[in-house]
Structures are given as C-alpha cells and as structure tokens.
C-alpha cells in the first residue's frame with residue numbers, strides 16, 4: 001500500500017501519468033485539494049489500497065512549509081509515500097501548449113505563455129527539490145513516460161496484459177469485444193454422439209472424445225504457436241486487455257474445450273488469464 005504524489009510543470013505529462021498508473025491498478029485522484037491529501041492517506045491506510053494524487057500549481061499551498069509538514073505527517077502514518085516530479089524544457093512546453101491550444105493555468109494573470117511557464121517553474125522549484133524521482137519528459141512519448149513510471153513503481157517497464165480466453169456459439173452471434181476470433185466448427189463435433197450431446201466441453205466424456213481427435217491436437221498446437229509468436233509484441237503495445245475468442249456452432253462443446261486448453265497453457269506460462277464461456281452461460285440459464 002502506497003501513496004504516490006505526481007507533480008510537475010503544466011504540460012509535462014501529469015494527465016498521461018495518472019492514466020498510465022490507473023491502468024496498472026492505482027486509484028487516481030486529479031488535483032485533490034492540498035488539505036485533503038493527508039485525509040486520503042488515512043483512508044488508504046485503513047483500506048489497504050494504493051493511490052496516486054496529482055499536485056500542481058492549481059492546488060499548490062501558498063505557505064511552502066506546509067509541504068514539509070505534509071511529508072512529515074505522512075511519515076508518521078507509516079504510509080509508503082513517493083513523490084515524482086515531471087519536468088520539461090520550456091521550449092517544448094510552449095510548443096505543446098501551442099499545439100493543444102489550451103490555456104496555461106497562470107495565463108489569467110495577464111502573462112504571456114512563456115512568462116507563465118517560467119513563473120510556474122519558479123513556484124514549483126521547492127516541490128522539485130523534495131521529489132524522490134525527477135523525470136524529464138522533453139523527448140518522451142506518452143508510452144515512454146508510462147513505461148518509465150511502471151519501472152519506478154513496479155520494477156518493470158511492461159504493463160501487465162490481461163488475456164481473456166472465451167468461447168461462444170456462432171448461432172448466438174459473434175463475440176463483439178474479441179480481438180481475435182478463431183472458428184473451430186470444422187473440428188469433430190461431439191453433438192453428433194447421442195451420449196455426449198447433453199454434456200459440455202467441461203465434462204470428462206467430451207474432453208476424452210476431443211482429446212482423441214488428431215485435428216483437435218493440431219489446431220491447439222498451431223494456434224498456441226501463433227499466439228506465442230505475437231504475444232510479446234502485443235504486450236509491448238501498451239494495452240490492458242486482449243480477448244481471444246473461439247467459436248463453434250452452439251458454444252457448448254468444441255469451443256469450450258479449446259478455450260480451456262489454451263487458457264490453461266498460457267496460465268501455466270505465468271500469463272494473467274481469465275476464462276469466459278459466453279454461450280455456455282446461456283445454456284445454463286435455460287436449464
């Protein structure tokens with residue numbers, strides 16, 4: 001359980017940082033009023049969860065000694081606190097604001113954009129000095145910033161990919177959220193064996209039947225190799241979920257068995273795997 005404070009110059013990537021850390025499981029709060037940060041820390045301590053809060057010029061305390069007081073208060077709570085400051089060259093910030101056409105938070109003080117950026121830099125310097133980590137985002141893409149933050153906080157630059165293996169029946173329609181769809185209707189069908197018809201791909205007689213089929217083994221082997229070849233690229237693509245769907249006619253036998261086999265294989269390789277049987281859920285509701 002920890003509290004991460006993200007601060008830095010406006011336009012340096014704080015919003016990107018919050019989205020990236022929310023994707024890896026942190027509870028994120030944007031621009032929480034400064035007096036409430038200690039209350040949030042107490043809540044986290046009681047609930048045993050981790051959070052990220054942004055602190056910028058809009059909620060910066062006028063009395064700078066309050067920052068020291070807050071950090072001391074957090075240390076008394078025995079909460080693991082990290083402060084990360086995002087910096088960026090002024091010329092790059094000017095270009096980013098020109099491209100986005102957004103107003104700088106200090107622009108309402110009758111300052112030019114360049115003057116507002118330099119004033120903010122001066123005001124934030126005490127916070128920069130307190131930071132545990134300083135990240136210069138001048139030449140960083142959003143993906144590179146996200147990877148840098150994951151490395152600092154999780155020890156790994158890669159975002160954990162959640163892989164969903166799901167089965168479905170074509171007669172109920174295609175899986176709407178699937179990234180990959182494999183049609184297994186060409187495989188031997190247990191439905192045509194009266195003693196197996198009422199069963200599902202989770203039951204041993206159906207499993208035994210499908211395991212005896214050479215075509216089934218070949219399909220599993222070749223599909224497994226295909227996925228193993230391209231999963232590393234997908235994991236580097238900064239995505240949170242990958243849904244791989246297998247469809248047979250009714251979503252009751254073949255697709256269920258294939259889904260289970262491949263899900264268990266990748267689970268045994270340390271992947272974060274979930275299994276979903278869409279049409280099987282319909283079947284159980286009917287019965």
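Quick reminder: no glycine exception, Cβ is built from N, Cα and C everywhere.
The ATP binding site feature in Swiss-Prot is assigned to 8, 9, 10, 11, 12, 13, 14, 15; the stated evidence is sequence analysis. For residue 8 (ATP binding site), the same-chain residues 6+ apart in sequence whose C-beta sits under 8 angstroms from its C-beta are 14, 56, 84, 85, 86, 87, 88, 124, 135.
Counting Cβ atoms from all protein chains shown, residue 58 (GTP binding site) has 12 others lying within 10 Å of its own Cβ. As annotated by Swiss-Prot, GTP binding site applies to 56, 57, 58, 59, with the evidence given as sequence analysis.
For the pair residue 9 (ATP binding site) and residue 59 (GTP binding site), the C-alpha distance works out to 13 angstrom. Counting every protein chain shown, 17 other Cβ atoms lie within 10 Å of the Cβ of residue 59 (GTP binding site). The Cβ centroid of 56, 57, 58, 59 marks the GTP site; residues of that chain outside this set whose Cβ lies within 8 Å of it are 10, 31, 55, 60, 105, given in sequence order. Rounded to a whole number, the distance between the Cα atoms of residue 57 (GTP binding site) and residue 13 (ATP binding site) is 14 Å.
Secondary structure from DSSP puts residue 8 (ATP binding site) in a beta strand.
The record gives 8, 9, 10, 11, 12, 13, 14, 15 for ATP. Within 8 Å of the mean position of their Cβ atoms, the other Cβ atoms in that chain belong to 56, 86, 88, 137.
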